[in-house]
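A short worksheet on the structure shown next.
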Amino acid sequence: MTQRAIVLLSGGLDSATVLAMARAQGFETYALSMRYGQRHSSELEAAKRVAAALGAVRHEIVDLDLRRFGGSALTDDALEVPTDGASGGIPVTYVPARNTIMLSLALGWAEAVGGRDLFFGANAVDYSGYPDCRPEYVAAYETLANLATKAGVEGDRFRVHAPIIDMTKGEIIRAGIALGVDYSLTVSCYQADDDGRACGVCDSCRIRRAGFEAAGVPDPTRYQAAA
């Protein structure tokens, strides 16, 4: 019997690669995205394209407005998205508890459909400032999942996978290309326009562009005219 996996899918480069990895491992993939009040809808449109291209059995977009809380440059217009390169400490683009919220939604869906594997694109190399992208976080969440669910308590354990957590962006891109990922479908920019074109200057754009250079692969990203 084919095993089912829930894959968190933002529409960006990392999550697209993880979806391809889960599929390559033989999982029947269920993609989960969240409309949480992010600055633009382009990444969700990208998520739809990626889910279709990579054969997700289902793709659900859940609405949960984190703009009501703010606390991040991605959900609060009063905070600017940095364009001067990564700095020390936790970046202002960190969305409070976002991975925990999304993994919890994925956990609920997994238990409902009989899946026991959760995949997400945490990366501790390029995004080392995010507390919910560390290996110890992944291990802790897996422990929680097995303490907080009927399936886990009954011994039908959940597994949380973060397959790109120790990979550089260049390594991620090369792995994705080997698995057939079309990165022109993805949007990574924190402030993409309505057409999905990247700003070219935010930290996410900088890291993405450098990743394609490191991978020795042409960058398919569409940039805004001023980028």
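Note: Cβ is positioned from N, Cα and C throughout, glycine not excepted.
Model, not experiment: these values are computed from the prediction.
Copied from Swiss-Prot, the annotated features are:
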- LEU9, SER10, GLY11, GLY12, LEU13, ASP14, SER15, ALA16, THR17, VAL18, LEU19: ATP binding site (BINDING)
- CYS189, CYS199, CYS202, CYS205: Zn(2+) binding site (BINDING)
_Please give me the CB contact count at 10 A for LEU13 (ATP binding site), counting all chains in the structure._
28
*For LEU9 (ATP binding site), the one of CYS189, CYS199, CYS202, CYS205 that lies nearest, given that the binding-site residues are compared by Cα*: CYS189
*asked:* If you count CB neighbours within 10 Å, which one among the binding-site residues CYS189, CYS205 has the smallest count?
replied: CYS205
_Coarse DSSP state, helix versus strand versus coil, of LEU13 (ATP binding site)_ = helix
_For the binding-site residues listed here (LEU9, LEU19, CYS199, CYS202), tell me which residue's CB has the most neighbouring CB atoms inside 10 Å._
LEU9
*asked:* Cα-Cα, whole number of Å: CYS199 (Zn(2+) binding site) versus LEU13 (ATP binding site)?
replied: 16
